[in-house]
Amino acid sequence: NTVWPGTLTGDQKPQLSLTAFELASKASQSVDAPSPWSGRFWGRTRCSTDAAGKFSCETADCGSGQVACNGAGAVPPATLVEITIAANGGQDYYDVSLVDGFNLPMSVAPQGGTGECKPSSCPANVNMACPAQLQVKAADGSVISCKSACLAFGDSKYCCTPPNDTPETCPPTEYSEIFEKQCPQAYSYAYDDKNSTFTCSGGPDYVITFCP
């Protein structure tokens, strides 16, 4: 299936020259990022253009009305790959995050570099295990994405917002455990960094795969 990847640069920095594009099955696309750089990548699915020429997607839409996202982020639920590229070949950080929910499997793997440089992947279709309260369904009744408990319920115990804004006051919940069980390498909620953050040094390239 075709996906429409999007990119978002963080920290109020200029966007990449490519903020989104169409990606056919088995195809690849190179995206240049400067160093240092920090941002995220995601994949939109079930996209179409209406009679008026407005482009939109049923999952992870960026609301721009066109294929390019132009500095707009994904509307959750959306699986995210987050990458922080260090200056001068220093230590990069990267992860797959389900903190904003899940819409499709993703992985990120460094090519080259030094240090750990292990791939991080969420290969499971979490939609198949998504509890009813978190499901987002298409018109035909199929589950097309899975909300985070924070998005579904807005409660600070799920969102890790004050007063529950420390690892001690925001432990895993039954909902984040579902994500954790499906994709143990991914961030399942805000304070899940024990086994979810990956590092690599020496200026590697990164290969991001949708539906690995």
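Backbone N, Cα and C define each Cβ position, glycine as well.
Reduced to three states, the DSSP call for Cys47 (disulfide bond) is strand. The 10 Å shell around the Cβ of Cys47 (disulfide bond) contains 17 further Cβ atoms across the protein chains shown. The disulfide bond feature in Swiss-Prot is assigned to Cys47-Cys57 (among others); the stated evidence is sequence analysis.
What Swiss-Prot records for Cys62-Cys69 (among others) is disulfide bond. When other Cβ atoms within 10 Å of the Cβ of Cys62 (disulfide bond) are tallied across all protein chains shown, the result is 27.
Cys200 (disulfide bond) is surrounded by 24 other CB atoms, counting those within 10 A of its CB over all protein chains shown. The feature disulfide bond is assigned by Swiss-Prot to Cys117-Cys200 (among others).
A 10 Å cutoff on Cβ-Cβ distances gives Cys122 (disulfide bond) a total of 28 other Cβ atoms nearby, all chains included. Positions annotated as disulfide bond by Swiss-Prot, on the basis of sequence analysis: Cys122-Cys183 (among others).
Non-local neighbourhood of Cys146 (disulfide bond): Pro77, Gly101, Phe102, Asn103, Val126, Asn127, Cys130, Leu134, Gln135, Val136, each in the same chain, at least six residues away, with C-beta under 8 Å from its C-beta. Marked as disulfide bond by Swiss-Prot on the basis of sequence analysis: Cys130-Cys146 (among others).
The disulfide bond feature in Swiss-Prot is assigned to Cys150-Cys159 (among others); the stated evidence is sequence analysis. Counting only residues at least six positions away in the same chain, the Cβ atoms of Val99, Tyr158, Cys159, Cys160, Tyr189 sit under 8 Å from the Cβ of Cys150 (disulfide bond).
Reduced to three states, the DSSP call for Cys160 (disulfide bond) is coil. The disulfide bond annotation in Swiss-Prot covers Cys160-Cys170 (among others).
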Rounded Cα separation (Å) that holds between Cys62 (disulfide bond) and Cys122 (disulfide bond): 22
Among Cys69, Cys117, Cys170, which are disulfide-bonded residues, the residue with the most C-beta atoms within 10 angstroms of its C-beta: Cys69
